[in-house]
Amino acid sequence: MSAEIREVLVVGAGLMGSGIAQVAAQGGFQVTLVDTGEEVLARGLARIEDSLTRLVRSGRLGEVAAADARARIGTTTDLVEAARGADLVIEAIVEDLDAKQALFAKLGDSCRPDVVLATNTSQFQISRIAEPCERPERVIGVHFSNPPPLMTLVEVILGDHTSEAALEVTREFLAACDREIVLCRKDVPGFISNRLSTALCMEAARLVDEGIATPEDVDKVARLMYGHKMGPIATLDLAGLDTALRVSTALSEHYGGDRFTPPPILAQLVEQSRYGNKSGAGFYENGSSQLAV
Ligand SMILES: CCCCCCC[C@H](O)CC(=O)SCCNC(=O)CCNC(=O)[C@H](O)C(C)(C)COP(=O)([O-])OP(=O)([O-])OC[C@H]1O[C@@H](n2cnc3c(N)ncnc32)[C@H](O)[C@@H]1OP(=O)([O-])[O-]
Ligand SMILES: NC(=O)c1ccc[n+]([C@@H]2O[C@H](COP(=O)([O-])OP(=O)(O)OC[C@H]3O[C@@H](n4cnc5c(N)ncnc54)[C@H](O)[C@@H]3O)[C@@H](O)[C@H]2O)c1
């Protein structure tokens, strides 16, 4: 564990926040998970419990290590109080710029001035999120892959003002969590990963929208012709169609053209509350895979 970091604050206990909290706890850090209500915190903890159980069952984690990780995670709805004791903050709330900026303004006021503030945004520019924050040089992007407990890659994004010191702290923390990193050196929307995956996933969704192929066949091409672990339609169901719609719409507005433009089917599924695995159905009827969400 890093010498300077003991207490990690994770804001947002959804799919990603709960997974990131688990990864940090498995890395030996004391974790506080914050969300807006007790019910959503309880769902986050249940997701962590389920994931730890699966890791133990499949032999990827020992029982003692799982129990230790579980014991290191606390929850609260009191952001300001939790921020006071934090040595590192990771934000994983909804993909909405106003919400993220409001949160970073609060974190800037409540955290110690030396604390690194990381965002797990899928595509917003880090410097935009940091705009209302005291000392934006401590804001950095740490884009975990879903599901965080299984995916070792984290994309680190430098904002226009991010300091070397913030990058160093981030590197140390992620190394302690056994994560691999790639560095996105320019503060561009979508970074490396979501410029790639949004283009692929939206083209896949267009093939389904236009009635050219079923989700199963689109995914089969990605898996059996290109060797992907998971097809792009299953990936959309895994990531959450509400989040995918926000990400693709924002990237499409920023870059123009149609490479990132979501086809109508994505908004239609979201309107029907078919958010993907997390709501039980998305493009696929009963969840696209075994993956716990
Ligand atoms: C429009 C585009 C933008 C979208 C929106 C934003 C996206 C975002 O910004 C970026 C992303 O992350 S995009 C998304 C990027 N992500 C991807 O693209 C993911 C691509 N997928 C993969 O790489 C692989 O499928 C995995 C590594 C996920 C699993 O691979 P595997 O090792 O071959 O596993 P398997 O054989 O398949 O069976 C599952 C096994 O795992 C167990 N389990 C499940 N959930 C668990 C959990 N949470 N904990 C613990 N365990 C969990 C389960 O119980 C089973 O165990 P069993 O003991 O055998 O029963
Ligand atoms: N889903 C993915 O595959 C994925 C992967 C990488 C990054 N991301 C990014 O991670 C972030 C979270 O995504 P998710 O899939 O976990 O979403 P989610 O909808 O599952 O969870 C978001 C959580 O944030 C909480 N929240 C909202 N506003 C809050 C606030 N002001 N304070 C505290 N909590 C608040 C919500 O109650 C919810 O529990 C987004 O920025 C998303 O783009 C998502």
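Backbone N, Cα and C atoms are what each Cβ position is placed from, and that goes for glycine too.
Bear in mind that the values here come from a model prediction, so they are computed numbers and not experimental data.
The following features are taken from TrEMBL:
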DOMAIN    8-187  domain '3-hydroxyacyl-CoA dehydrogenase NAD binding'
BINDING   G12, A13, G14, L15, M16, G17, D35, E95, K100, S122, N146, K278  NAD(+) binding site
SITE      H143  site 'Important for catalytic activity'
DOMAIN    190-285  domain '3-hydroxyacyl-CoA dehydrogenase C-terminal'
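Structural mapping of features recorded in TrEMBL.
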{"residue": "G12", "record": "NAD(+) binding site", "Cβ contacts under 8 Å, 6 or more apart": "V34, D35, E91, A92, I93, V94, N120"}
{"residue": "G14", "record": "NAD(+) binding site", "Cβ contacts under 8 Å, 6 or more apart": "D35, V40, G44, A92, I93, V94"}
{"residue": "M16", "record": "NAD(+) binding site", "Cβ contacts under 8 Å, 6 or more apart": "A92, N120, F144, N146, P148"}
{"residue": "K100", "record": "NAD(+) binding site", "Cβ contacts under 8 Å, 6 or more apart": "E91, I93, T119, T121, F124, I129"}
{"residue": "H143", "record": "site 'Important for catalytic activity'", "Cβ contacts under 8 Å, 6 or more apart": "N120, T121, S122, V154, E155, V156, I157, F191, S193, N194"}
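If you compare every pair of Cα atoms in G12, A13, G14, L15, M16, G17, D35, E95, K100, S122, N146, K278, the residues listed for NAD(+), the longest distance is 22 angstrom. Highlighted here are the binding-site residues (G12, G14, M16, K100, N146) whose C-beta falls below 6 Å from ligand 1: N146, in sequence order. Assigned with DSSP, the residues of the domain '3-hydroxyacyl-CoA dehydrogenase C-terminal' (190-285) fall into helix, strand and coil as follows: 62 helix, 2 strand, 32 coil.
Just so you know, the Cβ of N146 (NAD(+) binding site) picks up 18 other Cβ atoms within 10 Å once every protein chain is counted. All protein chains considered, the CB of D35 (NAD(+) binding site) has 24 other CB atoms within 10 Å.
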